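Here's the structure we're looking at; comments come further down.
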Amino acid sequence: MRLSPRSVFGLLALASIGFVAAGLALGEWARLQPCYLCVFQRLLYLLLAFFALCGVLIPRWRRLWCSLVSLTAIGGVITAIEQSWMQYAPEQVIECGYSDPTLLERIVDWFGMQWPAMFMVTGFCTTKDWIFLGLSLANWSVVFFLGLLGVAVWLGFKRKTL
């Protein structure tokens, strides 16, 4: 089966939106409280989906969209690794929200005021409330962002017909 770059970009966008939807559904079902880093990762998934949709609509700039998707995914990997580290060693962490707000916290707070159901922070970054196959939600986010990064890098270096 051959996939066009548009199809792959569409799959990247669907996967990113699906991860956000799954996270929201899981949060409601398991009564999870999102922290600043969780919400920031949601924003990164949505930004990644936006760039992927741009790749669907303007495929001739494929390398630009792949680069932007890759940079966003790298940001997601870094954020999810930071949260995973905070969960691994909570006693070594100054919790988010207890000092002067960082740029990340200000961005998340602004989105939380605009759309509270989606972006309101109510939890702590060090809390591991949900574990599946030995991995926390932050660990799974590292895996998902790495997968999206791998697909974007692969698409950026492939020929037009896949």
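Just so you know, glycine gets a Cβ as well, placed from its N, Cα and C.
Bear in mind that the values here come from a model prediction, so they are computed numbers and not experimental data.
Among the features that TrEMBL reports, transmembrane segment is placed at 43-59 (among others). Counting only same-chain residues 6+ beyond the ends of the transmembrane segment (43-59), those with a CB under 8 A from a CB of the stretch are 4-6, 9-10, 12-13, 16-17, 19-20, 65-66, 68-69, 72-73, 75-76, 79, 107-108, 111, 119, 145, 148.
TrEMBL lists 64-81 (among others) with the feature transmembrane segment.
Tertiary proximity for the transmembrane segment (130-157) is limited to same-chain residues at least six positions away from its ends with a CB under 8 Å from its CB atoms, namely 5, 8-9, 11-12, 15-16, 19, 23, 26, 30, 32, 37-38, 41, 44, 48, 62-63, 66-67, 69-70, 73-74, 76-77, 79-81, 83-84, 87. Annotated transmembrane segment per TrEMBL: 130-157 (among others), in sequence order.
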